[in-house]
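To start, the structure itself, in structure tokens.
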Amino acid sequence: MIIEEAQAINSFFRSESSKEVYGLIWLLVPILTLVLGITIGVLVIVWLERKISAGIQRRIGPEYAGPLGILQALADGVKLLFKEDLLPSRGDIRLFSVGPSVAVVSILLSYSVIPFGYHLVLTDLSIGVFLWIAISSIAPIGLLMSGYGSNNKYSFSGGLRAAAQSISYEIPLTPCVLSISLLSNSSSTVDIVEAQSKYGFWGWNLWRQPIGFLVFIISSLAECERLPFDLPEAEEELVAGYQTEYSGIKFGLFYVASYLNLLVSSLFVTVLYLGGWNLPIPYIPITELFEINKTSEVFGTTISLLITLAKAYLFLFIPISTRWTLPRLRMDQLLNLGWKSLLPIALGNLLLTTSSQLVSL
């Protein structure tokens, strides 16, 4: 009996179905690893923001949930999971329920084209940066669905503001990304990072595209709805904007989506302008820092991951500090800044970049 069972198990592992199962498992492993890493990254961002905000306001911040309050975000998430999920009695339940998921999924898909390190990217596409812009434009649709489905004037106004703000600041963002693609001769995120590796710190696109860098930062803050661009969630005007009618896990999804978007923006700033995983030392790419064997390749990949995350988290100090130092703009000021200031500057920067590339041919 035991021999027959062993033979059956052996025949299964040799069959075609077992190969398909193994293929499916190996397909899910990198995706699940990425989701786990993103979750940990969001928890770290929440803790950093609370601690930095407390320091700016001369408070202590979270300190009881885990060492130094590191588990406070996890405690808040568990609390939201067990809260009652209320539905508006006269709202559109389908749109109300689907809206948060659309916002979160569209942002999660953006992580698939981000190179976290050397040979550490889920999909290296030739149109990676433009795929990110296309995917990120889906998130405002979810916010508009949430605002309309809530059947609440404050929620609907917040959804309309979110859609208008996203459209206004995605357009200046696109010429900045196109300028980087022209300099790197590629739209692949991996190629863009490798194009910045030759001259170390001075080879970063930050110095080659200073105007585009400033426009990109401002547009990214507006896309993330961070102060001074948090008009869709202005508490004094709209209670909580499109989140007004939400509670429980659906409200938690919006909470997670805002920090996911913030992390995506920081990582793309790192990839496009701060050299990605490259060290700020000239002529020493991270791929050539170690001898080529399996152990050193794993070590080099780990180091490149740490370098990318260190740059991204250092950049996070800018959006966190602006939250407590700059006043909120009016809606007309926000739209004028996007259409009348940033868009002409971004187009002018693209024209200069194109001209310089043509002259250098």
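The backbone N, Cα and C atoms fix where each Cβ goes, and this holds for glycine too.
Marked as transmembrane segment by Swiss-Prot on the basis of sequence analysis: 25-45, 102-122, 125-145, 246-266, 298-318, 334-354.
Within the chain carrying the transmembrane segment (298-318), a Cβ under 8 angstroms from the stretch's Cβ atoms is held by residues 41, 44-45, 48-49, 52, 115-120, 217, 262-263, 266-267, 269-271, 274-279, 286-287, 289-290, all 6 or more beyond its ends.
Remote same-chain residues near the transmembrane segment (334-354) are listed as 164-165, 168-169, 171-176, 178-179, 182-183, 209, 211-212, 215, 218-219, 222, 229, 231 (criterion: CB distance under 8 Å, separation of at least six residues from the stretch ends).
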